[in-house]
Every structure is written in structure tokens, then in C-alpha cells.
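Sequence annotations record features per position, and here Swiss-Prot assigns active site, proton donor to A:Tyr59. Look at Swiss-Prot and you will find A:Asn151, A:180-183, A:203-206, A:284-287, A:309-311, A:Lys372 tagged as NADP(+) binding site, backed by similarity to another entry.
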Amino acid sequence: MVKINASAITYTKGGEISKILSGTGFSIDTETLGPKQVVIQALATPINPSDLNQLAGTYASKPNFTSELDTPVPVAIGGNEGLYKVIEVGSDVTSYKNGDWVIPKMPSFGTWRTHALVTLDKPENPDPFIKVSSEDDKSIDLTQAATVSINPSTAYQLIDQFIKDWDPKGNDWIIQNGGNSQVGKFVVQIAKIRNIKTISVIRDGKPDQDQIVKELLDLGATKVITDKEAESEEYINKIVPGWVNEGKVILALNCVCGKSGSALVSHLTGNHLADYRSPHLVTYGGMSGQPLMYSSSESLFKNVTSKAYWLTANTKRNPQSKVDTVKKVLALYKSGDIKPVPFNGKEFNIKSTSDDYIKLFLKGIAESKTGKQVIVYN
Amino acid sequence: ITAQAVVYAQHGEPKDVLKTLKYEIDDDNLDSNSIIVKTLGSPVNPSDINQIQGVYPSKPEKTTELGSNEPVAVCGNEGLFEILKVGDNVSNFKVGDWCVPTSVNMGTWRTHMLCGGDEMTKIPNPEQSKANGKPSGLSVNQGATISVNPLTAYLMLTHYVKLTPGKDWFIQNGGNSAVGKYATQISNLLGINSISVIRDRPDLQDLIKNMTEECGATKVITEEQNASKEFGSEIKSWVKETGGEIKLALNCVGGKNSTGIARKLNNNGLMLTYGGMSMQPVILPTSLHIFKNITSSGFWVTQLLKNDVELKRKTLGQIIEWYENRQLKDAPSKETKFNPSDELSRYYIDGIVNSKGGKQLIVY
């Protein structure tokens, strides 16, 4: 192999997504590969909501602009998550070999591309990848590895980061909105193996509601309720306290805000008996477009702590935390304790043109509203 | 001793449910671990009223201990008392000492109380302060209102976030409230910069002058300025000048006002909510919360101190020292003197009505 024809989804400035994105063709010359360089080829690249916010320019983590694609002006490459296979390694590279499956460790890698030439041992990011598997190790499959970097890692850290002293007897509860989201589905699975009970709040009035409830219960949710129920006095004062009984709703996970977020606070259990752990509301998204709001008196009388969670910030602050979390999630996959949450795969032939590439991405982005989209390469 | 207490058997509106209960305290057969105190002053706090209405989560137990026919609770949580008689085994008090309740729900709206020696915490009376060479002794108002507002202000400023003197800042709404003025004075004593948000009013400049000169406020701004984006950059320049950060926001208002002060916080800042005067919820824009990693917590002094007697003792000690050194001014109360031939409940029912115009203190 000498010259690889590659494609990337690029943009020069943030804005309306359908207008700013281009398919850019570029080439990678493996003849001139440096001793500490590797070439990787995409296996799967997800489209996440935060990628779209980044394109729109409303995301606090900004993309990197690069000239390495030989474009007339520097461009940013879309995407923050991707699974790749190592296909070429330089003469001094010992940590990777051809056939290794890797994911970028840091955000803003620009993952929406068929190939990348990456230099290892850069002082600012000496080890840019997390190795998740290899071609001779079949213990992790593509559906597990493709999305391991964001959704299950978020769920894992949400459960780990705020409440340190989970009740070992299983009397602690998590309540979460966005129960039908990817993160929500990982939360119920991970909580279950940790002996933590869960209440997942889903949107009311979906045509396939019964099916969603069944899926969540099968994944390990203790209870599934609708947002209408969650906001009702009856559920706040009677039904949920009846389920929780002597236990404590100690963690509320909020990716919606608005009314839905304030209802979660109403479900948190205040201090009682000899249990003085502060109940936490943790916000990691705002799908409703509304701000977070909650009652002052509930906040102070129940000693509620409202914290924000952002995986990207954690990773930037402490890159090793990302490596550790991904390794823990992979171990849960290998032991069979959790299973991947299905996504909509969109197949792309790696030899196709950059025009086909951008068309497929625009289609995937448009369909993101109906469920998680992942471009899968063959 | 013939005593009077203001009691309620059922929750409801104070004028409907408050009664005066007269009872006898037998001071000849005092239990060896008990003390008898007389009340010097006890104020009407908003939380006392909420407790009577039944909308406050901390509730006193109802008993027939005072000889009532049905179980009743005595109102009031804050007050200053003087020791009249001490049981044989009580070593921490002598007659004439001043004291305040160690915890809440003691029922302070009464003329006298029989209680355990450990249920009261000693504070210096004026003769003791003088004997210790202090410039001043505590006034009845200072002693009777020491347990809630000054402790709230001090603990919010010191217990959660490390603010570097001379550099760091805190911002608060309700800057003209009792807690707000204590927070301003205490931050000044600690060398911490303050921004107090107050409502615009006809005598705005007088109030700003007063808060700056009397309380040591660093900056005082209006709610309109708090809500203005342009004014935000002005505040940034103040903070830049000191080389510090706005690490703490104290919120007793809620609504847009809470959003305004949260926006001023630096990354990783903390907002403490200790009240909700506007009756609006706490409002935090999602992106501000997540991208600046703002934490928003409730603060309730009762809850914090219930389990930490040592913290309460240390904090009280600090406030007392500042009062004795005339470094801290108390928020004034409207004082009404109780005439023992009257019904005690009438004084508090009037006090509750008059509370809207300022804090009411019944002195004995």
C-alpha cells in the first residue's frame, strides 16, 4: 500500500449544519510514514448530540482546526467518537500493531473520517488512543466497541462520581429522566449490578410505550414511569415513596431540565433517620431547551446538591479517568453483565467517494432524532 | 414560679391557634441535672411562623408536660435566657449566667423554662465580658438573635469554599436583608470582597452609602445591573483587579435573580440557596451549569448544626467575640416589653403581624 484515498466530514466555521458541512477527499502516503506514526482506518463512527452542538457552535468544547488535509484554509473535522483499526505502524511504534482496535482518548479528535495519520508521543497527548480490542481477540465485538467511549462511560461515571457510599444492602435508588436514551439504558444496567434500584422516567404518549417499558424492565430498571406520572402529586407523595419505603432516592440524573428536572428534585428523599448523605441532582443535558429550575425550599430542607456532569471536562482534566472508565465498561461487556444498546447502523464502503460520504452523514444527522446513528465501514 | 408560654395544639394561622398556657415551676425540688431560666428576650422569626402553620419540616414535639389537657408545643426557636437556679450536678452554669438554646425546637416564647443543663449553651453576660476586659458586652437583642442569622451568614461564607482574603469575592442577593448585612460585615472582617444585589428604590444612593460605610460592603449593585449583560463585564473588571475569583453566590431570592448571581460565578463556583423570598424556583441555565461546572446547594443552618455541636460552639464563639469587640453590628429589632399581668400570646400574635415591617423582639 502506498497511497490511501481517504474522506472526511469538514467545516470551516460553526452554523446551520446542513449548510456548513463538506465532504473532503484527501490522501495519506504510507511511503513517507514517520517512525512514530500510525495509520488508522474507521470501523464505526457514531453521531452524538454533542457532535451536533459542536457543529452549531453552541458547545463549550471547541473543535481543532487543521491543515493536514491539504485544504486551502484550515478545517475542522466533525465528530468526537470513533472506533478504528490500526493498518500501518511506523518503525519505532511498539505500543500498537496492525489489526488493533483503538478509540481516541481525547475529545475533538475529529472522528468523522475514513482514515487518519496520527503521530504518537506528542508532548501534549503522548498516547492518543485507548486500545479496546484487536483482530485476534474476539472478546469485544463492533457493536460494543463502537459506542463504548461516550454513552456507557457517561453512565458509569454518573453512578460513580457523586455518591461515594452507596448502600450495600440495596436500599438506594436512582431516578432519571431520559429513561429511553442510550445513557439511560446503560444506567439501569450498571445500577442493577451495583445493587442500586432505578426509576426511569420516559416521555408520555409514545405509540410504542409498552414496548419501551418492557425493554427497560428487561435491561434491569426497577420501575418505569412517564413524565406525566413523575410530575404528579400522587407519584411524588404516595406511589414512589411507597416503592422506596425505608430506602432513599439519593441520586437524580437529569438530561432534560425544565419541569422534568424539577420533578426529579421532588422525588429526592430528604435526610431522614440517621442518613445524612446529601441527595444529588446531577444534570448532564438539557433536551427540553428549558433551564434547570427547582424549588428553593426543597433544595434547602432536603439538603439537595445540584451538580453538573460533563464527560468531556472530566477527560480533559484527567485523561487517565477516561481510560479507566472505558476499561471498566469493557470488563462489564466481557463478563456479560451489560449488553450493548442497539443503534441504527449506516453502512459505508470505505472505497466510496467523499461525495457519498457527506451524503450518508447528512442522512444520518437528519435521522438522529429518531435514534442513535452510527456510520459502520466495510 | 408562675410561668407563661405561647403554645398551639393544632397547626393553623397563628391568631387562631396560639394560646397562653400558665403553669407552675416548682423551684424547691429541682432535679440535680436541671436548671431554671428566665427569658430575657425571644424574637419572631419567619421559620417560627411557618412552624406554627405546619409548613416547616423541623417540628417540636407536642406534650402535656406543662400540665395542659391536650398535647401542645411551645412556639419559638431563638431566645436569650438568664439562669435562676442550678441543679446540684450542673457544673457549667451559675446563677446570673446568660445562655441560648443548644438546639432548635426548645420553645422559646415563654417567661421561664425548666430544662436540662445540657440543653442550654452559655454565652457571656455583660459583667463577664467587662471582667474579661472586653470593650463591650452583648445586648439583649444580640444575644436573643445570635443563633440563626449571624450563624447562617458566617457558616455560608466559611464552611464550604475557601475564599482567599484580599483576592476572592462572593456575591449575594437580598443584600439588605438581615443575613445579607451580616454576610457583608463578616466578609469585610475576613477580608473577602463582596457584591450585594439590592432592589432599586428612591433612596438607593443613601442605602449604598450606608451599606458601604456601616457594613463594609465592597460593591452594591441593583437587580437591574445584576440582570444586565453589559454590567457583567464591569464586574469582571473589578474581580480582575484583585486577582481573585467570584467563588460563592448566596441566594435567598430565587427566580431570575438567582440566575443573575449564578452567572457571575467563576468556573467551579458554588451557589448556596438559603431562602426563596420571590417564591420563584432556583433557575440555572443548563449550559451555565454544565460548562462552568457550577454547583448549587441548599443551606439550612438547623440541619447543619443539628449534628455538629462543636461547629455551633466555635461559630457562636466567633460571633460573640466580634460583638464584644464592637466589630460586628446586630440587625436591629423592634423591641416590645412584656408586662407580666398581660397574656403573653397577645404580644407574639401582634409581633407576627408587625414582622412584615421588621424583626420583632419581645423582651422581658
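Count begins at 1; order follows the chain as displayed.
Even glycines carry a Cβ here, placed using N, Cα and C.
Since this is a predicted model, take the numbers as computed values, not measurements.
The binding-site residues in question are A:Met287, A:Leu311, and the one with the fewest Cβ neighbours inside 10 Å is A:Met287. Shown in sequence order, A:Thr147, A:Asn151, A:Val341, A:Phe343, A:Lys372 are the residues of the chain, 6+ apart in sequence, with a C-beta less than 8 angstroms from the C-beta of A:Gln182 (NADP(+) binding site). Proximity to chain B, defined as a CB-CB distance below 8 A, holds for A:Tyr284 out of the binding-site residues A:Asn151, A:Gln182, A:Asp204, A:Tyr284, A:Met287, A:Leu311. Long-range neighbours of A:Tyr284 (NADP(+) binding site) (same chain, six or more residues apart, CB within less than 8 Å of its CB): A:Thr154, A:Leu158, A:Val183, A:Leu253, A:Asn254, A:Cys255, A:Ala308, A:Tyr309, A:Trp310, A:Leu311. DSSP classifies A:Leu311 (NADP(+) binding site) as helix under the three-state reduction.
You'll find the Cα of A:Met287 (NADP(+) binding site) roughly 14 Å from the Cα of A:Tyr59 (active site, proton donor). Rounded to a whole number, the C-alpha distance linking A:Asp204 (NADP(+) binding site) with A:Tyr59 (active site, proton donor) is 29 angstrom. Secondary structure from DSSP puts A:Gln182 (NADP(+) binding site) in a helix. Secondary structure from DSSP puts A:Asp204 (NADP(+) binding site) in coil. Sequence-distant neighbours of A:Tyr59 (active site, proton donor): residues of the same chain at least 6 apart with a C-beta under 8 Å from its C-beta are A:Ser50, A:Asn53.
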